[in-house]
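Here the structure is laid out as structure tokens; the discussion comes afterwards.
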Amino acid sequence: MRITILGSGSATPTLHSHPSAQVIQLGSEYYLIDCGEGTQYRLLEMRIRPGRLKGIFITHLHGDHYFGLFGLLTSLSLSQRSEALYLFGPRGLNDVLTEVFRQSDTRLSYPLHFHEIDAQHPGLIYETDAFSVSTVPLRHRIPCTGFVFREKPGLRNLLKDKISPDMTYDQLRALKEGKDVLGEQGKVLYKHQDYTLSPRAASSYAYCSDTVFRPELVSYLRNVTCLYHEATFLDEQAERAKKTFHSTASQAALLAREAQVGHLLIGHLSSRYPDACASLEEARAVFPPTTVAVEGQTYEIPFTRG
């Protein structure tokens, strides 16, 4: 699992930051989380081919989180994409896209499958053999949803020096699945513990964009490997954060600590701050394993950068 930060700025544009957008790589598949203005250019700058995207997840309909979607979807069509694209987003997004495409006489070259998210009823929205995606009920000025990406446990690893030539494919497959191989009359021929090692621990990543501090999110985020959480304001602006339905850096850290996550990434910092030093200091005072999301950086999950 890898996370590439395309943009982690707040709503006000600057010369040094970009609106929210991240790419999550799960095995060989690529998915986009949020799509702020200019996302397709950021993909090109990071040498991630837009055509590799299999799906897009949009948290809410504030412009800094989805205004890049129109250009990206159109460019994919201009490049003659034919593979279906899955789009997950809030109520109203499909209407916006339909009207934009109608007014611009745009006809996509590929099927666009839209799945409407109900922000008030969190749950599983997407699943493959390798991972699942569930929603998190954030609280913002308009309906807003976070996402949790969870890898499924992999197969056990065979001990090659213990494998004999007379073992069949089905027997080896059973051992990798954690099953003992039985012979006639139920006799155990091979115990999976003797021929395999435990699989790599499954990782998880939670993305919580614009939201007021919500302690009740702990149950949705508990024990995730890495949490990305907005940290728009410093503590001195806590009242402003509450009024605008945003969070402070220390509030993001408190949520991470209570949820016992492995690592915290903070972003969406207000453009009023010249750098991220104070935000990082406030967050680490509460939850030391915290990092500021750096645009253009790719992070391995489990977290390997600090």
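Cβ coordinates are placed from backbone N, Cα and C, and glycine is handled just like the others.
Bear in mind that TrEMBL entries carry predicted annotations, made automatically and left uncurated.
Taken verbatim from TrEMBL:
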- D64: active site, proton acceptor (ACT_SITE)
- H60, H62, H140, D210: Zn(2+) 1 binding site (BINDING)
- D64, H65, D210, H268: Zn(2+) 2 binding site (BINDING)
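Taking a C-beta cut-off of under 8 Å and a sequence gap of six or more, H65 (Zn(2+) 2 binding site) has these contacts in its own chain: P19, S20, D34, C35, G36, I58, T59, S209, D210. Listed in sequence order, the residues of the same chain lying 6 or more apart from H140 (Zn(2+) 1 binding site) and placing their CB within less than 8 Å of its CB are H60, H62, D210, T211, V212, F245. The Zn(2+) 2 site, placed at the center of the C-beta atoms of D64, H65, D210, H268, has further neighbours from the same chain whose C-beta lies within 8 angstroms: S10, A11, P19, S20, D34, G36, T59, H60, H62, S209, E230. Annotation note: H268 (Zn(2+) 2 binding site) sits in a coil segment as assigned by DSSP. For the pair D64 (active site, proton acceptor) and H268 (Zn(2+) 2 binding site), the Cα-Cα distance reads 10 Å. Around D210 (Zn(2+) 1 binding site), a 10 Å sphere centred on its CB holds 27 further CB atoms from the protein chains shown.
Counting other CB atoms no more than 10 Å from each candidate's CB, the binding-site residues H60, H62, H268 peak at H268. Residues T59, L61, H65, L138, R141, I142, C144, S209, T211, F245 surround the recorded Zn(2+) 1 site, their Cβ atoms falling within 8 Å of the Cβ centroid of H60, H62, H140, D210, which are themselves excluded.
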